[in-house]
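If you check Swiss-Prot, you get these features:
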SIGNAL    1-20  signal peptide
COMPBIAS  21-39  compositional bias 'Polar residues'
MOD_RES   Trp49  tryptophan amide
MOD_RES   Trp83  tryptophan amide
MOD_RES   Trp105  tryptophan amide
MOD_RES   Trp128  tryptophan amide
MOD_RES   Trp135  tryptophan amide
MOD_RES   Trp142  tryptophan amide
MOD_RES   Trp149  tryptophan amide
MOD_RES   Trp156  tryptophan amide
MOD_RES   Trp163  tryptophan amide
DISULFID  Cys172-Cys197  disulfide bond
Amino acid sequence: MLLAKISVVVLLLAIDGTSSSESTDNVVLSSSPDSQKAATSRHKRAPGWGKRSSLNDEDLFADSDSAQELLDSVAALKRAPGWGKRFSGLMSEGSSLEAKRAPGWGKRGQEIDVDEDGSEQEKRAPGWGKRAPGWGKRAPGWGKRAPGWGKRAPGWGKRAPGWGKRSGGDYCETLEKMVDAYIYKAVEVDSRRLADCGSGEGTNEPFRK
């Protein structure tokens, strides 16, 4: 029984010794230059990644005797011409920071008047706001009606000569014809009465003449 316990302890010590030796070998391998190169190769980025320029600070500031040379060296680090800049060209002595636009851009006039009280007035271009000569004038005779407009043609409203007038002879003849027609009608009616009713007494025969 005691022998079995001793053999188990020896076996555990042997296993512990082999594991510690493997860990030390791993540490040695990881500290070697070859292992470091293998580790860094797995995390390599594209060439030039994270670099702002191809020049080092030592190359940039070495042998720079003047500010102009420093500016020239900075110019080598810039991006494509005009990239992200509102004006072309680098800032140098006497250069303007204001972006240059086309001449007269955004200006309504060419000059500005300064009054005695110090207020400024914009001068507009000559003739600005003036309408062309004759603007708003209507053509000569506009709104006038043609001569004789509204007048009726000569003789309008006149009836033919003798219209509505009756001649004396025709009128009298017409009346005579009407009387004859009434008399004829009366005689015809009276003869029918005599035939149907006979001659009665007390009639107004004397008036029938």
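Note that the numbers count up from 1, one per residue, in the order the chain is shown.
Using the three backbone atoms N, Cα and C, a Cβ is placed for every residue, glycine included.
A separation of roughly 42 Å, to the nearest angstrom, links the Cα atoms of Trp49 (tryptophan amide) and Trp105 (tryptophan amide). Trp105 (tryptophan amide) sits 17 Å from Trp128 (tryptophan amide), taking the Cα positions as reference. Note: the Cα of Trp128 (tryptophan amide) and the Cα of Trp135 (tryptophan amide) are spaced 15 Å from each other.
Annotated pair Cys197 (disulfide bond) and Trp163 (tryptophan amide), C-alpha to C-alpha distance, rounded: 51 Å. Here the Cβ of Trp105 (tryptophan amide) has 7 other Cβ atoms within 10 Å, regardless of which shown protein chain they belong to. In the three-state DSSP scheme, Trp163 (tryptophan amide) is classed as coil. Checked against Trp149 (tryptophan amide), the recorded positions Trp156, Trp163, Cys172 differ in C-alpha distance, with Trp156 being the nearest. Across the structure, Trp156 (tryptophan amide) and Trp163 (tryptophan amide) place their CA atoms 15 angstrom apart. On the backbone, the CA of Trp163 (tryptophan amide) and the CA of Trp135 (tryptophan amide) stand 58 Å apart. Using a 10 Å radius centred on the Cβ of Trp135 (tryptophan amide) and all shown protein chains, the other Cβ atoms total 7. Between the C-alpha atoms of Trp135 (tryptophan amide) and Trp142 (tryptophan amide), the distance comes to 15 Å. Taking CA atoms as the reference points, Cys172 (disulfide bond) and Trp142 (tryptophan amide) are 62 Å apart.
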